[in-house]
Structure formats: C-alpha cells, structure tokens
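According to TrEMBL, the feature domain 'N-acetyltransferase' maps to 16-208. Taken from TrEMBL, the feature acetyl-CoA binding site applies to Val95, Gly96, Val97, Arg103, Arg104, Gly105, Val106, Leu107, Ser108, Ser131, Glu132. Annotation comment: TrEMBL describes Tyr136 as active site, proton donor. Summarising the annotation, TrEMBL assigns active site, proton acceptor to Phe417.
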Amino acid sequence: MPAPVPGGKIGRMTAFEVRPITDDERRSTLDLLRRALHTRRITDDAWARSAVSWPAEHKFAAFEGGDPIGIVSSFDTEIAVPGGRAVPVAAVDGVGVRADRTRRGVLSAMMAAQLGDFAARGLPLAVLHASEPTIYGRFGYGSAALGKTLRVARPAARFHERVPAVGDVRMLTPEEAVKELPALYERIGLHRPGMIARPDVWWPATHERHVGPDAGYLVAVHSGPDGDDGFVVYDTIGRRSLDSPDEGAVLDVRDLHAAGPAARAALWRFLLSVDLVSGVHARHRPVDEPLAVMLTDHRHAATLAVEDDLWLRPVDVEAALGARSYRAAGPVVLAVTDRTLTANTGHYEVGPDGVRRTSAAPDLALDVDTLGMLYLGQWSVTALAHAGRIEVRDEAAVARADELFTTVTAPWCGTHF
Ligand SMILES: CC(=O)SCCNC(=O)CCNC(=O)[C@H](O)C(C)(C)COP(=O)(O)OP(=O)(O)OC[C@H]1O[C@@H](n2cnc3c(N)ncnc32)[C@H](O)[C@@H]1OP(=O)(O)O
C-alpha cells in the first residue's frame, strides 16, 4: 500500500494528509463524493446493493484530523486504442472535495498521489469523464473523445428505404437485464477507440441501479443472424400536462451498444417505433453515428450539442504511444512536456514502425494533455497547431503527423463511470 503523503495546509495551519482509504472508510468517502456531486447520502438499502462497486482499493482520500475531506477513486480496466489493441487503463470514477475545503490544494494533492500510484503500477493510460472541462488539463488530461446529443422527432422521422431491417428486438425483464447485459456487452466487444471493458465492480452501481427490479429504465435487446448483438437502455419521461394533453413521452437513451450497423439501425428503428412518443433523446453518442443520414429527412435528427466526453492522460508516454498503431507516413519527433510525471518529459520518434525515445531535434512540441487529445484520433494535428496547443518546429511535419495519427472511426467511450 502506498505511504501517506503530506497534503498541505488548510486555513490557519490545519494540515491534511492524503493516503489510501481502509475498508472502514468506504461508506464515509462515498457519502463525501455524493455530497460534492449534490446527491443525497446513500441509504442502507442502496449501500447493501452497491457497496461492491466502491471497494477500498485504488482510492485516495485527504483527511483532516480523522475526517475525510476529499476523495479520488479509480478502477482498473482496459481501453481500445487505435489499431484495435485493448490496453490497461485506470478509469477515474469519483473525484470530490468537501464544499468547505475547496480551492486549497486538496484535489491537487490527491491527484499527485493517484497519478504517482498509476505510474508506479505501470499503467500506460488514465481516463475520466469531467464534471467541468476546466479541472483536469492541469493534471495532464486532454479532451480525447467528444460525444453528441441527439434529439429525434417523432412521428416525423422516417427511415430511408435502404437502411437495413434485419433481426428482432425484444424487451427484457429487469431480472433478465441484470443477468444478460454484462455478457452481451462483452460479446459486442471494444470495437471503437475509447471503449472500455466494464469490470464486475462497474455493473451493480451503474447498471443495476437503473435497470434492476426497483428502477425505472427499460431494456431492449436486438438479435441478428448470430444471436444477440445489441441493446438499448432507456427511460421514459412523460410530458403530458393539462396544457398539452396530447404530448407524447420522451425516450431518454442512456446506453446503446451494437456489434454492427444492422443491429444499431434496428435498435434506432425500435426506439422510433414506440407509440405515444414525441421524441427520442440521446446524450454522448459517437460524433460519427450516421443516424441523420438513415432518415429520409436528416433535420429530424438534430444535433443539440457536441461536448467533451472522455478525457485521457498518458501516464507512461512511451508505452502509450507504442500501444496504438499509426497510418503509413514518415516518422515525426514529438517533444512532450509533463510537469507532474516528469519522467515523461522528452523527445519521442513516432512512426508506423514503432515509437522510441530519441535525442533528435523535435518537429512538434506539446504538453502531455495535448498528447491526450491527439491520442485516440479525435483532433487533428493541424487543428491543435492552429489552436496554439502544438508548437510547430518543422512545418512539413504537420501533414505527416496528421496522417500518422488519423483514425477512420471517431473515438467514443459509451460507458458512464
Ligand atoms: C472524474 C470525476 O469524478 S468529475 C467530478 C469532479 N467533482 C466535482 O465536480 C464535485 C464538486 N467539486 C469539487 O469537489 C471540487 O471543487 C474539485 C474536486 C473539482 C476541485 O477540488 P479543489 O480541492 O478545490 O481543487 P484544488 O484546490 O486542488 O485546485 C487546483 C487548481 O484547479 C482549479 N480548480 C479546481 N476546481 C476548479 C473548478 N471547478 N473550476 C475551475 N478551476 C478549478 C483551482 O482554482 C486551482 O487552480 P490554481 O492551481 O491555479 O490555483
């Protein structure tokens, strides 16, 4: 277990320390996180169901006296990177500081402890979903995969005649949904850069809480020629009122995964076929999901927002760069600066034949958070250079680097954590 690190001073010389939590401190740190995120303290029943999703391992808390005042949590899993490999990753699933102890360096001290732990354990990458985009750049995380929010109009939306219509969709009972979806998600596989494996600890708190017998979400599964190959988890939000008695419900899609385009089309067809519905909403969908062009009038699938979804931090830059593949182009030399995990600072030659540290002069210079933005293929080198995030030392290298890092499929995570 890593040793406690001194955290800093609070107010009038009140010190805090940052250390891993013990089993006895699980519930109080979860309550702390929930209060920081403006949700109620966990009830005894909910704790009994989802305590397994809040193990003591990989959690660092800041303590003032005996009391926790901040918590950072993560779980280990795997993430798909460009080229298709699944790479070990730390998924940061909880960050919070007590409201009366913010802006005094508590998060900074906890992040330093957590990143040090990731590095000591040899993890190449860390990822998170940010509550606010201004928080994590300073800790080396970059906005690595965007997601779009869609609103599809019912009953106006009609599918184009060429959109595949194969297989069958069936509703699951809550009990079936709890039992069947983990294996189905695994069978669908990590087919896009940014998708993560969902470990056992993920399912109780995140999935069962929404679809279990006491919860209100509905689940439908698609079966194609080879069996079950897609699912959707959604909520129904009633909109009918005295003023608008004919208003249909809105279907709010929480989770939609499919092994291929036919299953995806069938699940969208199903959602748009449900009666007494005036619209289907879905947040954090892949930016290249082609729903609009599956319709006869693509204005009926409006993109309401495109937002940051997954943030990625290269923890071991050489291992991270070496884990993904690159398209055919001449190599480039990147000068990477990392102010927290300083061993990463250095020059890296990146090309289709591999990645190595080098003493050669760099073509492009960037901070480690910008490398995080580049890594999954969401942003082009040209765009990041135009934004001033990449310093261009050799203009000819920009086109080569764009070719090397480009991916055909937009990155997407698709998992809440
Ligand atoms: C992965 C996830 O779980 S996302 C959920 C994150 N949690 C939340 O949003 C819950 C509510 N917020 C909080 O609990 C806290 O405000 C936190 C965790 C966001 C920040 O904790 P703090 O202890 O206040 O951060 P800390 O004092 O170390 O701040 C470090 C720097 O980040 C800046 N910063 C911290 N939070 C924010 C913020 N929300 N917006 C803008 N800047 C911020 C600070 O001003 C400081 O800047 P400086 O170094 O230039 O002085």
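Backbone N, Cα and C define each Cβ position, glycine as well.
Rounded to a whole value, the Cα-Cα separation of Val97 (acetyl-CoA binding site) and the residue listed as 'active site, proton donor' is 14 Å. Checking the recorded positions Val106, Tyr136, Phe417 for a CB within less than 6 Å of any atom of ligand 1 leaves Val106, listed in sequence order.
In the three-state DSSP scheme, Glu132 (acetyl-CoA binding site) is classed as coil.
Sparsest Cβ environment among the active-site residues Tyr136, Phe417 (other Cβ atoms counted within 10 Å): Phe417.
The acetyl-CoA-binding residues named in the record, Val95, Gly96, Val97, Arg103, Arg104, Gly105, Val106, Leu107, Ser108, Ser131, Glu132, extend over a maximum Cα to Cα distance of 19 Å.
Taking Cβ-Cβ distances under 8 Å and a sequence gap of 6 or more within the same chain, Glu132 (acetyl-CoA binding site) has no neighbours at all.
For Phe417 (active site, proton acceptor), the spatially nearest entry among the recorded positions Val95, Arg104, Val106, Ser108, Tyr136 is Val95, judged by CA separation.
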